[in-house]
């Protein structure tokens with residue numbers, strides 16, 4: 001028979017186990033859930049801009065095969081600009097519906113239609129239609145317009161969705177957005193340098209016909225890969241919505257959880273152990289003390305930054321890069337997408353950026369952008385044209401500008417999320433991104449396509465001979 005002493009010893013051991021091992025298991029499961037939730041949010045946000053980002057890094061390969069030529073980036077930019085009608089409608093619906101507005105249906109629509117559009121783009125991007133007196137890439141431009149409607153709207157609803165989570169999970173959204181640039185860069189590196197012009201003499205004449213080097217895999221395969229990534233984003237969003245991963249991670253924002261609690265009036269016993277974690281995290285959150293003046297100033301700076309980085313300069317990429325050669329354009333398309341992820345990494349260590357520092361950075365960024373504009377205006381013969389030094393110069397200037405633009409965007413977003421008291425702050429933050437896109441794209445389109453202030457190069461012709 002078992003003695004009372006042995007029974008008491010076993011009870012003591014069980015008590016020690018419950019007091020030590022079980023809390024460790026609970027903590028481990030919470031940490032695992034928090035990591036999983038962070039990763040799922042990042043993957044979900046991949047669908048925000050990866051389709052258009054992927055398309056734009058493919059521009060060096062697409063341009064030689066389209067009738068639009070060097071004007072293609074500006075035409076694509078005006079498609080993106082016109083697509084802002086959809087975010088405008090969403091803004092009106094949000095104001096009209098008030099607290100009844102839900103961003104969830106829009107997120108489903110954005111991701112699903114994005115997958116379909118990428119498949120259509122992969123299959124038909126080279127097809128042209130004769131319209132308005134010339135061949136035009138209607139399939140390509142139509143898909144760009146559809147993807148633009150989706151991605152521009154995602155800037156609103158994806159950031160609006162982040163109000164449901166704690167402030168630290170906003171970094172996951174920025175990480176996913178940063179990877180929308182990094183992943184296409186990896187794919188284009190796998191493709192290799194292509195699109196370089198090779199001039200072949202036709203018969204015995206002095207006329208040369210251009211041919212172009214080919215990549216390791218086609219634009220079609222590239223866009224199929226992008227579509228697969230967006231499918232992964234859909235799966236991640238479904239897991240966030242229909243599993244208890246957010247609850248296990250205690251990732252819901254405090255205000256959001258109060259709403260849920262007031263609506264359900266249900267308190268589960270198993271949620272009690274989470275109280276300590278909630279208190280410890282909420283006590284460390286910064287107080288929301290941003291003034292209206294600072295809030296409006298940050299929105300204005302974000303608008304200006306978006307006007308330059310997302311509105312003006314992308315349309316000028318061909319005129320600023322191609323005078324230095326196709327290889328320069330290729331390495332630009334490889335290096336520039338890395339700038340935003342690097343700015344995100346810096347923001348992990350640079351927790352808070354002062355308002356004065358944001359102002360100084362925006363002024364310096366405007367100076368760099370002016371240099372790029374001047375170089376593009378000098379096309380087809382800018383400073384140091386057709387030289388390695390010139391290519392390094394323009395790529396370096398553009399990289400620094402993109403890096404600072406990323407720092408500004410992330411810093412402003414973090415400040416608004418953590419310091420502005422109104423939950424609509426992130427919605428307005430996303431809206432200023434689209435406003436900047438609108439303000440930058442339209443003037444540049446007219447300068448290029450109507451007033452013809454920027455001059456391109458024709459293949460197999462000699463330029464800049466002194």
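Keep in mind that glycine also has a Cβ here, set from the backbone N, Cα and C atoms.
Per TrEMBL, the stretch carrying the note transmembrane segment among 13-31, 32-50 is 32-50. Most Cβ pairs under 8 Å with the transmembrane segment (173-194) belong to 32-50, among the candidate stretches 32-50, 70-93, 105-125, 137-161, 426-448. The highest tally of CB pairs under 8 A with the transmembrane segment (32-50), across 70-93, 105-125, 294-317, 357-376, 426-448, is held by 105-125.
In summary, the transmembrane segment (105-125) lies against the transmembrane segment (221-240): three or more C-beta pairs, each 6 or more positions apart in sequence, are under 8 Å.
Against the transmembrane segment (137-161), the recorded stretches 294-317, 329-350, 391-414, 426-448 differ in Cβ pairs under 8 Å, and the greatest number is found for 426-448.
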